[in-house]
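Undergrad: My questions all concern the structure below.
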Amino acid sequence: MNSSSTTQVRTPSFGQTEINWDKLDKTKFYVVGAGLFTGITVALYPVSVVKTRLQVATKDSVEKSAFSVIRGLLKTEGIPGLYRGFGTVITGAVPVRIIFLTSLETTKVATFKMIEPFKLSEPTKAAIANGIAGMTSSLFSQAVFVPIDVVSQKLMVQGYSGHAKYNGGLDVARKILKTDGVRGLYRGFGLSVMTYAPSSAVWWATYGSSQRVIWRLLGAGTEQKEPVFGPWTVVLVQASGGIAAGAMASCITTPLDTIKTRLQVMGHDKRETARHVVKKLIVDDGWKGLYRGLGPRFFSMSAWGTSMITAYEYLKRVCAKED
């Protein structure tokens with residue numbers, strides 16, 4: 001939503017609530033955005049560590065709940081244990097986000113123009129444009145993200161449930177390249193695409209449509225006199241959209257994420273397929289085994305989504321060029 005220089009925000013017709021990509025100061029957008037999203041990553045990274053450990057736990061593992069994983073890490077390693085692999089993730093985060101956000105915004109604008117003649121409702125148009133943009137941007141960013149994901153996840157689970165120990169991200173990458181070559185860094189690439197592309201599509205589609213539904217309920221975009229909202233109302237609407245999007249995406253894509261994670265962290269000497277992983281999960285825990293780590297993943301996607309989208313919308317307002 002566009003914000004004025006005062007403490008109130010007018011919500012005009014929905015087509016005008018988006019700050020177009022060509023209206024942004026790109027340099028400021030990337031520099032300020034790097035700082036904002038790094039801060040969010042620092043705050044929420046421990047949740048990813050806990051989720052990953054739960055997903056790779058065997059039936060013999062002692063730590064089978066989020067709280068037991070946290071307690072075990074704090075007992076043995078302290079706070080640094082909750083940030084295993086953080087250096088690798090934060091190093092690759094900047095190029096990944098540049099690729100993702102650039103393709104997201106450009107694809108969203110192009111899609112809105114393509115579907116304009118179909119005279120669809122605003123929530124439907126938002127769901128289609130945001131969904132296509134989210135899926136496309138995820139596909140583009142996977143080429144950079146997957147190697148980072150593979151290395152960081154091996155660091156997250158090192159020494160846990162029989163997994164090997166490493167001396168940092170470079171040691172992980174060196175050993176992977178030595179045993180499997182470059183393709184080892186892309187282990188689980190297909191599943192990553194199958195997980196993150198639909199997840200991103202569902203997340204952005206749900207966010208775009210739910211936000212517009214909420215604004216409709218608040219009386220915006222109607223034939224009546226347009227209401228004027230305070231900035232906190234705008235933030236709450238965007239945050240609500242982020243929570244709804246995180247809930248929807250996590251419930252739909254957690255099974256694929258569990259399979260992908262287990263494939264990516266297995267030892268160099270193992271060559272299990274996705275089918276073998278699924279069979280083992282079902283034998284150990286039944287079908288609910290596919291939803292290991294759902295709680296932390298739900299929290300992570302909802303918390304990350306809410307924090308990210310409010311920061312993202314704020315970032316676009318801050319970086320909008322003066323007319």
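Here the Cβ of each residue, glycine as well, is placed from N, Cα and C on the backbone.
Below are the features I grabbed from TrEMBL:
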type	residues	note
REPEAT	26-110	repeat 'Solcar'
REPEAT	125-213	repeat 'Solcar'
REPEAT	233-318	repeat 'Solcar'
TRANSMEM	29-50	transmembrane segment
Undergrad: Is it possible to list how many residues within the repeat 'Solcar' (125-213) are helical, extended or coil according to DSSP?
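TA: The composition, in the requested order, is 75 helix, 0 strand, 14 coil.
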Undergrad: Looking at the repeat 'Solcar' (125-213) alone, can you tell me the average pLDDT?
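TA: 87, rounded to a whole number.
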